[in-house]
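Trainee: Provided herewith is a single structure, encoded as structure tokens, for subsequent inquiry.
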């Protein structure tokens, strides 16, 4: 208030010494009066802010202390009898029941409620009891990148109430406990883990608790109870699961193993009949007399008791049959032994079905077709079986190996819905990747193309001066060009003097290399200041200004791809059992040649400093395949195909003779086939991706006035 008093004294003194006329006096009084009012308002505002508590979004219930999972100090709370309970909202969708405005900064944050034990004061019953499995789930979230101790910044809320197994808690009391949570708000943005829903006699496929608008991470969904795009299907965990070193390609005696104990009787009868008809290929097991769940005994007397789940490694396929409950722990037990699941459960929503392609690692068969299962399995080739076994092994180690992995996978599935721009592609979710570099995209790509920087044209030339000068003149008029760098790859002859080059308005620089290597075109020269690089041969003079400008605009939208003009395809020849390079026009492409293509300068660094094996040296020695090597490199890291732009397919230099053009040599073509075969062996796989599309301008070939088209001169074939 000191500032206000000083201002008032100043006003008083001003009035005392003022000797102006009445009109000026009135104006001065009004001015001083307004200043006094503003000063008083500011003073009261500052006083209010300094004296009032700064309530957060949850009105003072903020807790910024990191949660400690101390089982010795669990808070005991009484269930609020007046808390409103609402049944599960079966119509919930991602857009209706999830408040995405709580999910800020492009990251998923989960708040975990403190360990609490809700007690009914009338019956003195506890709502739920914490199991070791749920403790592991809480611990996994607590130690993950998703956890936040501040509910104000949380996107999701995870109760510490253990609802994994509906058989061990009172569902009515559990619903009341949920409604008593501080931030429940009808379950909005809350996630509930449940693996064993329902109970006798109905065995519902979803948790029989009043969860209102909460998201269910459930292990027993069918197609009727699952809310697509909202709930997340998770596996039913097995306490008997052990990590054993089963081999995906190991010799397995039986085609099909059946060791599930709770298959419905009508299906067991069918399996008994199949076992009699295929006794050498089907191993049918049941419970032993001592009811030891870690052992299985044959329904016939041909085999001794076997240890479970190790026995599953004896079969190529293992059956998951229909039982009273939809979800069963047998699925993860089967996968732990790298056995291919044969799923004979109609309408079962498989774990993480939204992102995992189960057709690559399982066989689904309708329940009423169980009698034909052996016939269907025999029709699968041995090569396909090995592929599926490897996929099962990879999926298990990636998403199912322990409760921590299951928990974090479920959260990532939900995160991919909330932040789709950061989501992994289906290929990334399902592709076995033996190369560490291809597990992530190294480029930090914005959701929208940034403001154009332009591109640097890097021209590789040797001695074709006339063609080089013509190309420079054509490039200079491209609006998006920033500069030109000429790589003079001839050590026996100096490049023409800069004064003899065409006079252009864009910066032009010349570098003479020390050795004649094709890899020189991909060296990250310091003269390259843009992210976009157009690598172009000195004889590619047929491209128009619009074609080049449009190609750059496409690259801006897909900067992690190779974007260009000449396209090729790789094919497998069954006769020679080798990969073949094909330049004929087909409906598919898998490579874009860097004789005229845009790429990010990051790939120049990778090509120069991190090319696998001896690929770079081999390219320089044979003076061939540098463009194929670049396509392999980018595809291996990103798992993305190149993008061809515009319909042009002919790139022959009109002034060049056939002997001048390297691609006209038949030996050159044979070497390129050998390159593809050699590179695939070095990478240990075929990383090239095949696509059946190209990019053309929106109004391409439309009956539209040329003046209204941005790109008129797209050229011909």
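Note that Cβ sites are derived from N, Cα and C of the backbone, with glycine treated the same way.
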Trainee: If I go by Swiss-Prot, which of 417, 672, 678, 685 binds UDP-N-acetyl-alpha-D-glucosamine at the same site as 464, 489, 516, 521, 537, 538, 539, 626, 627?
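Mentor: For UDP-N-acetyl-alpha-D-glucosamine, Swiss-Prot names 464, 489, 516, 521, 537, 538, 539, 626, 627; of 417, 672, 678, 685, the listed one is 672.
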Trainee: Which of these ranges is annotated transmembrane segment in Swiss-Prot: 5-25, 26-46?
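Mentor: That would be 26-46, the stretch labelled transmembrane segment in Swiss-Prot.
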Trainee: May I ask you to report the DSSP-based helix, strand or coil state of residue 91 (N-linked glycosylation site)?
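Mentor: Where residue 91 (N-linked glycosylation site) sits, the three-state DSSP reduction gives coil.
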Trainee: Tell me the Cβ contacts of residue 516 (UDP-N-acetyl-alpha-D-glucosamine binding site) under 8 Å, same chain only and six or more apart in sequence, or just say none.
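Mentor: The answer is 462, 489, 490, 491, 623.
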Trainee: Which of the glycosylation sites 91, 574, 636 has its Cα nearest to the Cα of residue 537 (UDP-N-acetyl-alpha-D-glucosamine binding site)?
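Mentor: Given the candidates 91, 574, 636, the nearest one is 636.
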Trainee: Provide the number of Cβ atoms within 10 Å of the Cβ of residue 627 (UDP-N-acetyl-alpha-D-glucosamine binding site), excluding the reference atom itself.
Mentor: 26
Trainee: Quick one: what's DSSP say for residue 675 (disulfide bond), helix, strand or coil?
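Mentor: In three-state terms, residue 675 (disulfide bond) counts as helix.
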Trainee: Using C-alpha atoms, which one of the binding-site residues 464, 539, 627 comes nearest to residue 91 (N-linked glycosylation site)?
Mentor: 627
Trainee: Can you tell which of the binding-site residues (537, 539) has the fewest other C-beta atoms within 10 angstroms of its C-beta?
Mentor: 539
Trainee: Max Cα distance spanning 464, 489, 516, 521, 537, 538, 539, 626, 627, 672 (UDP-N-acetyl-alpha-D-glucosamine binders), Å?
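Mentor: Across 464, 489, 516, 521, 537, 538, 539, 626, 627, 672, the widest Cα separation comes out at 24 Å.
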Trainee: Taking Cα atoms as reference points, rank the recorded positions 574, 625, 636, 675 by distance from residue 539 (UDP-N-acetyl-alpha-D-glucosamine binding site) and give the first.
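Mentor: Closest recorded candidate to residue 539 (UDP-N-acetyl-alpha-D-glucosamine binding site) by Cα: 625.
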